[in-house]
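Student: I have a structure I would like to understand better, so I am pasting it below and will then ask my questions one at a time.
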Amino acid sequence: MRGLKDSSSPTEMSGSGVVTVYGNGAAITEAKTSPFSVKVGLAQMLRGGVIMDVVNAEQARIAEEAGACAVMALERVPADIRAQGGVARMSDPQLIKEIKQAVTIPVMAKARIGHFVEAQILESLGIDYIDESEVLTLADDEHHINKHNFRIPFVCGCRNLGEALRRIREGAAMIRTKGEAGTGDIIEAVRHVRSVMGDIRVLRNMDDDEVFTFAKKISAPYDLVMQTKQLGRLPVVHFAAGGVATPADAALMMQLGCDGVFVGSGVFKSGDPARRARAIVQAVTHYSDPDILAEVSCGLGEAMVGINLKDEKVERYANRSE
Amino acid sequence: MVIGVLALQGSYNEHIAVLRRLGVRGVEIKKPEQLNSINGLIIPGGESTTMAKLAEYHNLFPALREFVKLGKPVWGTCAGLIFLANKAVGQKEGGQELVGGLDCTVHRNFFGSQIQSFEAELSVPELAATEGGPAHFRGIFIRAPAVLETGADVEVLAAYLKSAEVYFLFIF
């Protein structure tokens with residue numbers, strides 16, 4: 001401060017009009033309430049269904065026609081984001097509007113992790129769900145969006161039970177595994193589903209006295225850990241995502257205990273999207289019936305070109321957030 | 001008594017869980033032949049377009065219509081109501097197949113997108129009088145349909161009022 005003769009106190013500064021602070025310096029919009037039950041309710045309606053990534057109105061109609069229970073509106077599917085690189089952001093609202101007009105099923109869209117203004121824009125478009133997604137480039141590498149501030153429900157990714165419960169505490173009304181989007185390799189999705197389900201099985205058999213330390217170990221809020229123990233499952237709907245490319249992949253996720261499946265690049269990066277989309281929808285409904293699975297898996301044409309995750313150089317989107 | 005729950009997509013697990021709590025056996029219905037062994041059917045909530053597609057893939061519509069015609073009790077929740085309506089508006093391009101049997105016109109996704117979803121207390125005096133229990137029921141309306149018209153034989157048990165118009169909810 002030497003040499004600086006500060007004549008004005010902070011209070012004088014604030015009224016002088018030199019630089020006005022926007023919104024009193026508060027970054028977050030005022031909290032809007034929508035009961036959590038209403039947010040969770042839509043996810044419950046989506047159970048046993050397939051949510052498909054689409055990049056235009058035409059693809060959205062193909063997905064609806066095949067029996068998708070919702071579509072995810074994006075500019076580029078994860079496989080293209082991987083191939084093209086660069087910064088992946090929220091889609092152009094015009095595109096999202098067009099997709100919303102093309103179909104009657106629910107429409108979701110992705111916002112960058114921590115980018116609460118993208119989320120505000122998506123909420124204003126009147127879509128049905130926001131995916132705060134690690135597939136897009138991060139906007140904040142420490143903080144997720146405070147999802148309690150929104151009326152629109154959110155779905156978030158997780159790799160394990162602790163991460164799932166942290167997202168639920170932030171207000172997520174639906175959870176999906178992260179998997180590795182855009183690879184067509186199911187291994188990471190299997191790892192994440194097994195991790196969540198395995199931890200829940202351990203938790204169910206745990207003495208109540210041990211739950212405090214367990215909650216600390218997985219860095220999750222104690223009350224949600226206890227609720228999970230009592231329910232014997234996550235307290236919100238739990239879908240699988242990231243690497244699902246075939247009807248068998250989708251049925252595998254269901255048999256491992258998921259409530260439904262997201263399919264990203266797997267449908268529209270394959271040889272015959274309409275047929276594959278329909279087969280995956282049927283596989284999710286009849287996931288425990290090998291006869292039907294065999295029937296729907298026949299003659300689907302080429303599956304998406306996969307990226308083998310054994311290759312260390314492949315970027316892990318799942319590790320982008322905690 | 002065995003009650004079937006149409007288990008194509010949506011909240012069929014929740015319906016089976018409620019049946020179990022009531023001490024009734026609930027079974028999943030995914031194929032036409034499974035309808036032969038049940039006393040009543042519940043068509044749960046979900047995405048009606050998806051459920052209609054899946055029913056079509058496995059040729060369930062003729063069997064469902066036959067089941068309704070037999071006069072066995074059928075319950076429709078949300079998307080299930082759309083299935084049972086004789087007429088539906090607000091459908092996807094090209095429309096969707098219905099089971100029918102309930103003399104009413106349903107508007108799909110009447111209230112708008114998820115932002116317009118809400119909860120409301122509904123007055124159910126008749127249910128309380130005949131079945132006991134509280135006179136109010138908490139209804140959750142998630143991208144819900146509305147019943148625009150009902151035929152003369154349809155008895156309305158509860159209604160939700162909005163801007164001077166009446167939207168009927170529960171019809172049997």
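Note: Cβ is positioned from N, Cα and C throughout, glycine not excepted.
Copying in the features that TrEMBL gives for the protein in this structure:
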BINDING   B:G46, B:E47, B:S48, B:R108, B:I142, B:R143  L-glutamine binding site
Student: For chain A, which of the binding-site residues B:E47, B:S48, B:R108 fall under 8 Å by Cβ?
Tutor: B:E47, B:R108
Student: Please classify the secondary structure at B:S48 (L-glutamine binding site) using three-state DSSP.
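Tutor: The residue in question, B:S48 (L-glutamine binding site), is helix (DSSP, three-state).
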Student: What is the Cβ neighbour count of B:G46 (L-glutamine binding site) at a 10 Å cut-off, with all protein chains included?
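Tutor: Neighbour count, Cβ to Cβ under the 10 Å cut-off: 28.
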Student: Report the same-chain neighbours of B:E47 (L-glutamine binding site): residues 6+ apart in sequence with Cβ closer than 8 Å to its Cβ, ordered by sequence.
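Tutor: Looking at Cβ-Cβ distances below 8 Å from B:E47 (L-glutamine binding site), excluding near sequence neighbours, one finds B:Q9, B:G10, B:A79.
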Student: Looking only at B:R108, B:R143, the binding-site residues on record, which one has the least crowded Cβ, with the fewest other Cβ atoms within 10 Å?
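Tutor: Lowest Cβ count within 10 Å among the binding-site residues (B:R108, B:R143) is B:R108.
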